[in-house]
Amino acid sequence: MDQGMADELARLAPLLSGRIGRTIVLVGLMGAGKSCVGRRLAARLGLDFVDSDAEFEAASGSSISDYFARFGEAAFREGERKVIARLLDGPPVVLATGGGAFVDPTTRERIKAAGTSVWIRADLELLLKRTVGRDHRPLLKQGDPREILGRLMEARYPIYAEADIIVESTDEVPEATVIRVMEGLITYLDLEKTV
């Protein structure tokens, strides 16, 4: 991270200080950078970072891959729904969700009611670069990753577009995306205050 980026992060953080009254929920496809960006964003905002997948694994006592294999996607989504609802009932945090969480209508409505959603959008090539060869991506084990991600983008991007804030994730340092999220939050909170 260069000095200009560090200065911009330092400038933006006070503009959000004391203004975060709801959980910031990061949504998007696997590999978009939700966890990486979320950790850095939480540190800048003085909030805890929570990964809904890690919370699911802790609650179920099983990895998501194993849970998927044993019980299927429908059972996983039901458990994920409960975990996210519990997290939204707590104090504000930065919450990174699994790629399919926001697609679930019940989860999406709960996020809209109790959180501020941020879609971290990335193009196919970047998603492939970040996900191929990782063992913890059960959906990518079902065929050609390019084809699977392309189908997921086609099906999910129109739903992700319902998020309160949309930012691009590019192949640059994560802090660049953190800056875009912080700018989006400032604009969103300013607009929310005037409505």
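Using N, Cα and C of the backbone, Cβ positions are placed for all residues, glycine too.
Since we're looking at a predicted model, the values are computed, not measured.
Record check: Swiss-Prot places ASP53, ARG77, ARG156 at the substrate site, and the matching candidate among GLY31, GLY33, GLY99 is GLY99. Cα distances from LYS34 (ATP binding site) to the binding-site residues ASP53, ARG77, GLY99, ARG156 are smallest for GLY99. Taking all protein chains in view, 18 other C-beta atoms sit within 10 angstroms of the C-beta of SER35 (ATP binding site). Put simply, CYS36 (ATP binding site) is 23 Å from ARG77 (substrate binding site) when counted between their Cα atoms. Its own atom aside, the Cβ of GLY31 (ATP binding site) has 24 Cβ atoms within 10 angstroms in the protein chains shown. Put simply, SER35 (ATP binding site) is 10 Å from ASP53 (substrate binding site) when counted between their Cα atoms.
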